[in-house]
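Chemist: Here's a structure for you.
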Amino acid sequence: MGISPVLWQFLVKWLHASALFPAEASTISPYTDALYFFLLAMTLVGLLLVGVLVFGFSIRYRREKNPVATQVEGSTLLEATWTIIPLAIFLVTFVWGALLYFRIYDPPANAMNIYVVGKQWMWKAEHPGGQHEINALHVPAGRPVQLTMISQDVFHSFSIPDFRVKREVIPGRYTTIWFQATTPGTYHIFCTQYCGTQHSGMIGEVTVLSPDDYQKWTQQSTSGMSLAQNGERLFASMGCNACHSGNAAARGPNLAGVYGSKLTLTNGSQVLVNDAYLRDAILNPSQHITAGYAPIMPTYQGQISEDGLIDLVEYIKNMQSNFRVQQTLMTSESNQAAPTTPTEGTTSETVKP
Ligand code: HEC
Ligand SMILES: [Cu+2]
């Protein structure tokens, strides 16, 4: 970024201390800020250049000095210069921005996952280990954390300015963000999308804990039932196991190990089974029929809350070889055993025929 780290620290600390700028509390923050300051610097250069020229020319060509307007013919060199230099700057900005974008939106494979449900007007965080929080989020420092988010009603937007992350939270679709917090402490959560009268109250606090403190927190605050265990119960009480019993003679496919795999559908296309696909398979089964099966699965639209869907998704994710899940205290340590973590997306990726 062409600026010494010491100077950089100094600049950001000073801006933060003078309340002009949020703290840099995630690994991505310095990168986002570097681009931001680059844009700011380029804008300033433009401002100064134009300002100085306007000022200088208006003195130099004032009426007393230059009463008759001079006709100036074009200059190819000048025109080429003011085309090529800005173009180069824009291209640099584009490439830089694109690289940063991918860095921000692609969670690392080892990220631990936490679900966030937005609703008018609160944020609910659900940890796979069964810790539930409202307008609060506890995360460990120094570990990549991914949030899988969905709205129960209208559009919201989840933002933690100190981490430089923000993303829309949409009804009917999972979106994700990820971050790696660097410094223990508390930071603001905002909803940054106007979502009704109490929108300004849709705020919360992220608490970043040291790994040890985080371990203690997960043990103290678990509800005793992991999301997967809740899902296991739902799976039985909603009658899913009538068809998905895992038996060879069952009418529905065995769901063990389906997460992360590629399914072939009756129309010949292939889909990656991720969180989004599982959710959609439960709500809109007729949209994608797995090859070799009859379209007999009923829709569960309107019968399961977003929280219930998260439980079911978490259960199917954890169902590796049999239909029993283990009690997991740690929030998402259990998922590390999964062969692949297909988190790449917000929508189930369908290869259209
Ligand atoms: C009447 C039987 C039946 C019931 C009840 C049923 N399913 Fe299904 N399910 C199927 C069949 C058959 C398929 C494969 C055809 C298709 O894709 O619709 C399927 C497909 C799926 C898939 C897509 C993955 C795959 O391997 O095809 C998921 C996920 C799923 N079911 C979850 C559930 C859940 C969760 C419930 C309970 C809320 C449930 N099912 C209830 C019969 C059923
Ligand atoms: Cu909101």
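In case you wondered, yes, glycine gets a Cβ from its N, Cα and C as well.
Any TrEMBL annotation is an automated prediction that lacks curation.
I grabbed these lines from TrEMBL:
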- 339-353: compositional bias 'Low complexity' (COMPBIAS)
- 11-108: domain 'Cytochrome oxidase subunit II transmembrane region profile' (DOMAIN)
- 109-220: domain 'Cytochrome oxidase subunit II copper A binding' (DOMAIN)
- 226-320: domain 'Cytochrome c' (DOMAIN)
- 331-353: region 'Disordered' (REGION)
- 35-59: transmembrane segment (TRANSMEM)
- 80-102: transmembrane segment (TRANSMEM)
Chemist: Taking only the residues in the domain 'Cytochrome c' (226-320), give me the average pLDDT of this model.
Modeler: 86
Chemist: Against which stretches of its own chain does the transmembrane segment (35-59) lie, if we need a Cβ under 8 Å and a gap of at least six residues from its ends?
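Modeler: Contacts of the transmembrane segment (35-59) (Cβ under 8 Å, skipping residues fewer than 6 from its ends): 1, 11, 89, 93, 96-97, 100.
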